[in-house]
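Database features (Swiss-Prot):
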type    : residues : note
DOMAIN  : 1-141    : domain 'Globin'
MOD_RES : S3       : phosphoserine
MOD_RES : K7       : N6-succinyllysine
MOD_RES : K11      : N6-succinyllysine
MOD_RES : K16      : N6-succinyllysine
MOD_RES : K16      : N6-acetyllysine
MOD_RES : Y24      : phosphotyrosine
MOD_RES : K40      : N6-succinyllysine
MOD_RES : S49      : phosphoserine
BINDING : H58      : O2 binding site
BINDING : H87      : heme b binding site
MOD_RES : S102     : phosphoserine
MOD_RES : T108     : phosphothreonine
MOD_RES : S131     : phosphoserine
MOD_RES : T134     : phosphothreonine
MOD_RES : T137     : phosphothreonine
MOD_RES : S138     : phosphoserine
Amino acid sequence: VLSSADKANIKATWDKIGGHGGEYGAEALERTFLCFPTTKTYFPHFDLSHGSAQVKAHGKKVADALALAAAHLDDLPSALSALSDLHAYKLRVDPVNFKLLSHCLLVTLAAHHPAEFTPAVHSDLDKFLSSVSTVLTSKYR
């Protein structure tokens with residue numbers, strides 16, 4: 001459960017990300033593909049090379065979904081319902097991959113915003129990403 005302080009940190013972080021969301025999303029995806037090569041199996045039709053237009057486009061989709069989630073912290077299930085359906089019923093993404101991408105996104109954010117990435121912000125973002133992952137995998141059951 002996200003506290004009011006957690007929510008404030010999450011919203012403040014997403015405000016700081018601003019127009020860099022797509023860039024950070026793509027970088028997090030690249031990190032995920034490099035560190036956890038099995039995640040590439042879900043993207044056989046993508047050019048997964050550094051700077052690929054397809055990875056950049058998907059990174060923007062990831063960032064946009066997280067921005068939507070950050071704007072609807074009090075009702076993540078409704079905000080992410082369509083995305084949950086897509087990942088559970090059509091794409092059938094292994095739930096562990098959400099945790100791997102979340103980890104790589106935290107690393108990316110820490111690398112770009114080291115001063116703002118305090119232990120409290122790290123913890124709050126980790127809780128947020130875990131909540132998003134839980135919602136995205138809720139329809140697998």
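Placed from the backbone N, Cα and C atoms, the Cβ positions cover glycine too.
Taking the features listed in Swiss-Prot, we show where each one sits on the structure.
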residue	record	Cβ contacts under 8 Å, 6 or more apart
S3	phosphoserine	none
K7	N6-succinyllysine	L73
K11	N6-succinyllysine	A70, L73
Y24	phosphotyrosine	I17, G59, A63, L105, T108, L109, H112
K40	N6-succinyllysine	F33, L48
S49	phosphoserine	none
H58	O2 binding site	G25, A26, L29, F43, F46
H87	heme b binding site	V93, L136, T137
S131	phosphoserine	L2, L76
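DSSP assigns S3 (phosphoserine) to coil in the three-state reduction, placing it in neither a helix nor a strand.
Confidence annotation: the domain 'Globin' (1-141) carries a mean pLDDT of 95 in the model.
If you take the Cα of T134 (phosphothreonine) and the Cα of S102 (phosphoserine), they are about 12 angstrom apart, rounded to a whole number. Within the same chain, the residues at least 6 positions away from S102 (phosphoserine) whose Cβ sits under 8 Å from its Cβ are D126, L129, S130, V132, S133, listed in sequence order. Within the same chain, residues at least 6 positions away in sequence whose Cβ sits under 8 Å from that of S138 (phosphoserine) are P77, S84. Secondary structure at H58 (O2 binding site), taken from DSSP and collapsed to helix, strand or coil, is helix. The local packing around T108 (phosphothreonine), expressed as other Cβ atoms within 10 Å of its Cβ over all shown chains, amounts to 22.
The modified residues listed here are T134, T137; among them, T137 has the most other Cβ atoms within 10 Å of its own Cβ.
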